[in-house]
Each structure stands twice: as structure tokens, then as C-alpha cells.
Protein chains: 2
Amino acid sequence: MTVSEKTNRKDLVTNIDKSNEQFLIEGIRQMDPTAKVLGEEGFGDKLTSLEGRVWIVDPIDGTMNFVKQHDNFAMMIGIYQDGKGQLGFIYDVMNDVLYAGGPAVDGVWANDQQLSAPANLALSEGLIGASAPLVVHDTAHMQKIVHDSAGMRIYGSAGIEMINVLLGKTLGYISYLKPWDIAAGQILLNFLGVRVSTIDGQPLNMLSSNLVLVATEKAQRDILQIEEDDVSL
Amino acid sequence: MTVSEKTNRKDLVTNIDKSNEQFLIEGIRQMDPTAKVLGEEGFGDKLTSLEGRVWIVDPIDGTMNFVKQHDNFAMMIGIYQDGKGQLGFIYDVMNDVLYAGGPAVDGVWANDQQLSAPANLALSEGLIGASAPLVVHDTAHMQKIVHDSAGMRIYGSAGIEMINVLLGKTLGYISYLKPWDIAAGQILLNFLGVRVSTIDGQPLNMLSSNLVLVATEKAQRDILQIEEDDVSL
């Protein structure tokens, strides 16, 4: 394995991220030759719109964990039709569990077990996932959000964080995310009633970065209230 | 399961913590009737010294995870002789892996697989575990320590954090801990060459709380330097 830095020493890419993405995109091109593909490592198309069918690919989500832990990373694919999520896949590689589903198949499964919607917990009733820089810099009132929750967890992979939300182990997740970090999870989570929005409650722009708020309906309301209370000061 | 608050709404105890501790202490009393036992939930002895043989018991470490996640918690026992760690046990319940070992058996095992020492990484080379309040309040320069590391992870259980250090998935862990939170881990970690001290490099007082620094030898040096640099300002 060869490891390189992308934008800084905490933003890694390996030869395996790249070869995984090439392998996935080749397969997608064969299966669905007219579709567009957006990939983290740049082997897909340059997208300017979400018209038609778009596959959004993250060959290794949580590359730092992949490099340092050999655990707690995921492969992710989200399939969108004219901007609407149809089918999402998050593969927890080391536990060999594929989370798959969405409107196209009318359900969400963990391997062969169908998942039911996680409990609609209020912020105070559950744990919240976060990314470390947001907490350190207190971006978007993260410290108040953490304070009001039952506690914060940091797993270091958007895919693993979203699996935890799907399973009800955390009630949400807040992080700056690129389209490939959230494309699959948004489809799976929305299908099970979990809200995915920007931190101020707007729909995500799937062609750019977003400060993403994943939360149960009740926790989303609690967190948007925290954001709104501050604005009104 | 019945859940109660101890000191505050984030400090929980359940009937299962209590019944587990009673079960463990009954077993210990039968096996080793002259030993003293220190238990988190208070069913053991009131200790004023570590003379003789002392069993230190945490019936459920990570009770918040136990309640909210039904995952990522541990049972832990450390056995000390005249203050020296002899044998430690951390049981990762949901993964059904028992981490056991120490000087008394000359090795550390994960179930039947013997563990070798984790790599002696410098702070910049690995991930560090932490507890959320230390990061939010920037206690003991946590934000500088996190900045200098490859990243922070928060798993919400001292036992799970120490398993990650044993396996080399993180290079250390910093948290305020009671004796039962660290008793087993200290024995296993020390046996594999990982340093366990207070945040200023002193031996732990196993009869009280400590701000504990678990780290590889190199990372301990890096972190103690951060603490020292500040003092000299």
C-alpha cells in the first residue's frame, strides 16, 4: 500500500482508493453505459448537473481509518435519477456487512436482514456522531449540540457513522461532507425516515460540499432550534 | 432494564450493572476469600490501601453505550498484588472477545490469539482516543494534542478505547478515569509496552480518580512535551 497526502497530512489517499474506484467505475460503465459517474478520486465524469442517472462512488470512505486501523472504513455507492436518490450501498468491509436499499427496492437491508426505522429520539435521548474539527472549532454550535445530547461519538468515517444512525446506535451525525461521502447514506437514511439536510435545514447540493446534518426528525428539530436561537441573538 | 442517573444525566447506572457486580464479587469471594474487592457500584470493600491482593471490578464499562447502543461496552477485572498489576481482563461483550493477560501468565491474549506489542508510534503517526468533555473544555491542551495527532476518535468506553490501543488501532487514550476504568487496561497495556500514567507522567493513584494518559512510549514523550511547553510559558 502506498499512502499520499491530498490537501493536507490528515487528508490521505492510497493506491487502493484509486484502483478500487477504477474497478467500480469500469463495472458501472459496462452495466449502465449511458449513466454519468461521479467518483472521489476523479476517474468519473465532470458533472455540472444531476440530470439523468448518476452513480456517485466513494471507493474508500474513512481512508485515515483504513490506513491506521485497517478497520472502520466503508465503500459507498449512491444511484440518483434526475437528482432523486434511488438506491444506496454502504459496505462495512471488515465486518462484511452490506447495507443496501432505497425507493428502487422498497426497503433497506443489512445483508439479508431488513432494517426497520430507527426510533425517533429527541436530541437529549441519544448519542450524536461528529467530526473532530467541528467540535474543536465549535462550528455551528457543535458544543451546545453535544451538551444537549446524551454524548458525542467520533468514528472517523461518514459511512460508519451513517451505519450507526441506520441501526439506531446514534441519533445523528454532523460533518462537512463531499457528495460521495453522503450520496449512499442519504438514500438509505431517508428511506427509513431519518432527515438529511444542511445544518440550517435546507436540501443538500449534491454537486458541492455541505455542512451536513443527519438526524432523527425530533433531533433535527432540536438542532435547528439551537441554530435559530443563535441567529436571533 | 431499569436505568438511573448517578451524578448527572450523562452518568448512568442500570440494574444490570449492579447485578453483574454482585455476581462477579460473589464468585471472587468464593475463589479468593482473603482478597479485597473494589467495585464501581459499591458492593465490594472500602479500600484505604492496595496491600495484599485486590480485585478491581467494573461490571459494565460504557454504561451509556450499553443503554443507547447495546454495543461498545465492556466488563473489566484487574488483579493487583501489593499494588502491582498481575492479571487483567477486558471482555468486549458484543464481539465476544476476552482480552486477558499480564505478568502472572506472561502474555496477553485476545481469546486464544496471543497479542504482540503495538507499534511504538509518535503522536503525529496515529489516532488518539479521548473523552468528549476534555476536548470541549480543552483540558490539558487536548486540542493541541488532537491537532498534532493524525486524528481523534471517541468510542465512549474506556474498555473499548484500551482494546483499540492494545490492537494498535489508536496510539493512546486520554480521559478522567476511576480506578475500575483503568485497572484491567493498565495491566494489559503495560505488559505490551504501552505507557499508563497521569497526564503529567506520574504513576496512577489506584485509590482515586486520575486524568489518565495511555500512550505508546513515543507518543507519551510527545504529549508530555506539550504539557511541559505550556508550563514554561
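Every residue, even glycine, has its Cβ placed from backbone N, Cα and C.
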Which of A:Glu40, A:Glu41, A:Glu51 does TrEMBL put in the same Mg(2+) site as A:Asp58, A:Ile60, A:Asp61, A:Asp181? A:Glu40
Taking only same-chain residues 6+ apart in sequence, whose CB is under 8 Å from that of A:Asp181 (Mg(2+) binding site), what do you get? A:Asp58, A:Asp61, A:Met76, A:Ala158, A:Gly159, A:Ser175, A:Val212
Check A:Asp181 (Mg(2+) binding site) against DSSP and tell me helix, strand or coil, would you? helix
Around the Cβ of A:Asp61 (Mg(2+) binding site), how many other Cβ atoms lie within 10 Å? Please give the count over every shown protein chain. 31
